[in-house]
Structure formats: C-alpha cells, structure tokens
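Trainee: I have a structure here, written as structure tokens, and I will follow up with some questions on it.
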Amino acid sequence: MVRMTKNVLVSVAWPYANGPRHIGHVAGFGVPSDVFARFQRMRGNNVLMVSGTDEHGTPLLVQADKEGVSVQELADKYNRQIVEDLTGLGLSYDLFTRTTTSNHYAVVQELFRGLHDNGYMIKETTLGAISPSTGRTLPDRYIEGTCPICHADGARGDQCDNCGNQLDPADLINPVSKINGETPEFVETEHFLLDLPALADSLTAWLKGREDWRPNVLKFSLNLLEDIRPRAMTRDIDWGIPIPVEGWQDNNAKKLYVWFDAVVGYLSASIEWAWRTGDPEAWRTFWNDPETSSYYFMGKDNITFHSQIWPAELLGYAGRGSRGGEVGDLGELNLPTEVVSSEFLTMSGSKFSSSKGVVIYVKDFLAEFGPDPLRYFIAVAGPENNDTDFTWDEFVRRVNNELANGWGNLVNRTVSMAHKNFGEVPVPSALTDSDQRILDLAASTFDSAGADLELSKFKNAITQIMHVVGEANAYIAEQEPWKLAKDETQRERLATVLWTALQVVSDCNTMLTPYLPHTAQKVHETLGREGIWAASPQIVEVTNESPRQPVGVGLPDPEHTYPVIMGDYQAQAAKWERIDMVPGTPLNKPAPLVTKLDPELGETGPEWAPVQS
C-alpha cells in the first residue's frame, strides 16, 4: 500500500530569553518535539518545525537591570546562548528565530487588528498590578498569593495550579511580588481584553472533538471553560510590540501582552521560514490547508496558552465567535491538531531553578557527555506523563546498562566479528527459526513503535526498540558466533548468524535515529554506508529584514543581525523502513559507540553539578 505524504507542523514552545537552557527546559519542549519531527521526516512527510526565543515582558527588564545592560543586549546575549544550546543538542528546527524581529511584530499586529476589527478585542478599565518600588507592571505570573476559590497557597496571578481556575492578580488573597516580595499596588488602567466568553462556544465545540489528546491535557483544557472571562492582552510596559490601534500605537508606555505575541510566533516563524527559503507563500501549506496536522509541544505550565488563548485568537481572527466577523488577510488559520504537554523534570524533588542553584545547564551537560546520552535519558525516563526526578545515579545506570552494555555492545560485537571474519556483509544461507524470529521481531517493531510515535508515546516506542536490542543480544549469546568462527565447517552458519545480527543492528539503528541522531550517523558509517543519514541543524547568521513592516514606536532595528537555527533535512537518507544488508558491502572497523561512565559519578555527579540532597 502506498502511503500518502502528509504536511506536519511541529510548533515548539518558545524558551524565554532570560538565561541559558537547563535540562529541565529541554525535557519538556526540546527533545520530545525533535524526536517527533525526525520521525515524521523519516516517514516521508513534509515537516515544518519552528520556534524561537521569547524576548518580551517584565522578567526580561528585571534581568537586564540585574546585569546592568539594555534589554536588547540581554535578549541578544541569551538568544545566542540558547541557539547554541539547542543546536548542540541536535534539535532539528527548520527555523528557530526570535520575537524581536520586524516580521514577528508585523504578523502579531495583523492578528490583533483582525481580532479588533471582528469585535473580539474589547476596551475596558481594569486593575493593573504595579511594583511600588519601580513603577513597573508586574506580570500575572510574578504575583503569588492565596487562591480565593480553593484557598491554596502559591496561586499565581493568572491561575491556581491546585484547582485549575483562571485568576486575576487582584483576586488573590495577600498577593506579593515574586520579584522582590513587596505587596503590589493595584491601579486603574485602560486595556484591550480578548473576549473569551464570545468565543467560548466555538472553543468548547473544538475541544470536545479532541478526544485523542492526552487525558490530562484535555481535562485541564475543558476545566478552563467553566470560569471563562475576558483576558487582558495589553500591558503598561515600554518593552514589547506596539498596539496597532490609532491613539495607542505611538504610546510607548503600553504594549501587547507577551503571551499574546508569543503564541503568534508559531505563525510568524513559519512566514519567516518561507521567505528565507525563497518561497514566500510556502507557509500557507502548513496554516491554510485543513488537511495539515499541527502539533504543539510544551511543558504543562503552558497548556492554558495553547489550548485556550491561541485557539481563541485563531477563531476570533476567522470571525468564528458569537460576534461573527470576517476572515483576515492571512486566511483561515488551522487550529492545533494536538497539544502535547510534558510534566516537569525535577532534581531531588525540586523544580529546576537557576536562582536557587538547582540547575544543570545544557551547555555543561553536552561538554561532559555529548548530546545523545541526554536525549536518551529524557526519552526513556523523562517527564512524559508524570513529574520525574533526575538523579545522577539513574542517569549513569541508564547510560551504562542500556546504552553501553545494551546498544553499544550489540553494535560493536556484531560489526567487529563480521569485520574480522569477513571484512564485509557476509552471504547468508538458509535461516533457522531463531534467525527468522529475531528478524520478524525487528520488522514488526517498525509498525508498533511507529504507531506509538505517531501518538507522541515516546517512552512506549523506545521501550519496544530497546526490547529488540535486548533480544538481539540474547540471540547472539545463544548462537555463540565466536565458537562458530573457530570451526571451519561452520563458516556458512557463522555468515548467516552475523548477517542476521547485522540486519537487526541496521533495523534498530533506523528506529533509534529520531532519539539518537548523532549515534545513528556513526552506526550508519560503520555499516559501510555513505552520506548523511541523520541531518544536523546549523547556526546561520541573518539580518532582520522583512517584507512585512510593523507600525508604532519602539520597533526592531531593521539592520540588526542575529543567529537562527536552520537545516537541510531533505538531504538525509534516513527512512522509517528496513534497509536490507547487502552481502558484499564493506564494513568499517567499529570504534566504541558509547562511553561507559564511572559508577562513582552516580553518587556525586560531576564537579560542576549541584550537590544532590
């Protein structure tokens, strides 16, 4: 049966540009999305994977003050660091950009104008939280207090994680600023609010059709509709995107809410990718074609913005609420096919926190261990469905027992014996039941693991693949090719056993490619194959040019340069299918594939790592 090519948009949460990435960040948004995108490309699908650094909002202003630099200098610094972190991890973005671009400003303003013209942006006087010491607006998430509904402590100004209800900062009992602990002042201020109640029926109908979502995501999203209210989409702040309304766009003291603009980034990045690759309308394939599937990857703390705010923006822009309206110039834009949310990766039971010293930075981790051990750990032991605690002991155990003793051992001893005894892929003779059994298991796992990957069940899929690795090692132990090699009368049998093992190594390497792309490239070459098997992302320096221009004051410098992540992933050979091991193909002598770690590392971690409690 011929499989039809699909268009797949992979939208990845935008990391906030106030510091380098730690492993908790990439466990939630980074590795799962890349495994999914690489798998979809291997299936022959047309994939667009986009993201970028989120660079607006009060937290960036606060951090810039701490470091004694301008907010743009701070954004530039951490944008580059994050780009380097994610490239080093092998995250295969078609475009990883940033929110301080002329293109992003213009696309965000177009979405706001469409919502405003259709009547879904309503102007109201609200109570805004202000820091008494700085006079700056305090973001909802930077205010904590007691929930007025369930009375749980630690509720944020946007929602209570304990009961799931949406809140306003002024609702909290005994609110305090997370930045400096002071009690905020609440002052009257005029803002534009997204009229969520006018979009509630459309949101509800759409969400109730998402029965294939992860149960926790769907339940949380439906619960948000029980107390839906208009939500402010502008802020009293001088750093952000101008509000494209006459009388507002030249007011440098009011800007669009950072979360209104951040979620539009998936669209603006797609538009930027299209014109940077020479086909300015190519983005429409992923946004206007209703047959396209779109997947959004993030941590669980961002579900609200992806299952309520962003869909509401898209519905309102298309005039699909109780107020009606016209479809904007960008056309009717696709709603998310699935919101794929991960739980939290913790350390010693605590959330990763740079300020509290509970942090393992991606850069340090990569320098010590390389990318694939971290990618493997996140895939097999990460927070896919539950909060997961990272310990050095568990990391060392997984690397040594599963990657080194399991996968690395299978590759090295299989290829070493074949190289030593034949120098090439040997010619098999008649297969025994044992030979056929392991070959059939590997072949069937393409289907079963592939089905799990289609559903973003990354743990299930890699567990199945590593089961084949274990069975292949057991097959070799049972067949004892080292003994066959000593008996000249068993040379045909030796050739058959090693050909069988090589075929299973090839199959497992193919299936592990989305998880371990760097290792997969090495195995590909060891098996005597040439060319790019698993393509790597590249850092490209670009200028802030844009065919779309924003309006207002405080706009990005059109000549500003910055790094983006791109890649030629069409050049890779990897396909999600068995590649026959052709007898006579020269083999290369294998180098150790996975370095075993000192068991003592499991007790203390590296010298640079925080002490485990």
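Yeah, the Cβs are placed from backbone N, Cα and C, and that goes for glycine too.
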Trainee: Write down the single range among 15-25, 70-80, 92-102, 334-344 that appears in Swiss-Prot as motif ''HIGH' region'.
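Mentor: Based on what Swiss-Prot states, motif ''HIGH' region' spans 15-25.
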Trainee: Count, for each of the binding-site residues Cys147, Cys150, Cys160, the other C-beta atoms lying within 10 angstroms of its own C-beta, and report the residue with the smallest count.
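Mentor: Taking Cys147, Cys150, Cys160 as the binding-site residues, the minimal 10 Å Cβ count falls on Cys150.
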Trainee: Just going by other Cβ atoms within 10 Å, which of the binding-site residues Cys163, Ser354 has the emptiest spot?
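Mentor: Result for the binding-site residues Cys163, Ser354: minimum number of other Cβ atoms within 10 Å at Ser354.
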Trainee: What are the DSSP helix/strand/coil residue counts across the motif ''KMSKS' region' (351-355)?
Mentor: 0 helix, 2 strand, 3 coil
Trainee: How far is it from Ser354 (ATP binding site) to Cys163 (Zn(2+) binding site), counting Cα to Cα, in Å?
Mentor: 27
Trainee: Using the Cβ center of Cys147, Cys150, Cys160, Cys163 as the Zn(2+) site position, which other residues in that chain lie within 8 Å, going by their Cβ?
Mentor: Pro148, Ile149, His151, Ala152, Ala155, Asp161, Asn162, Gly164, Asn165, Leu167
Trainee: Determine, from DSSP, whether Cys163 (Zn(2+) binding site) sits in helix, strand or coil.
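Mentor: For Cys163 (Zn(2+) binding site) - judged by DSSP and reduced to three states - the answer is coil.
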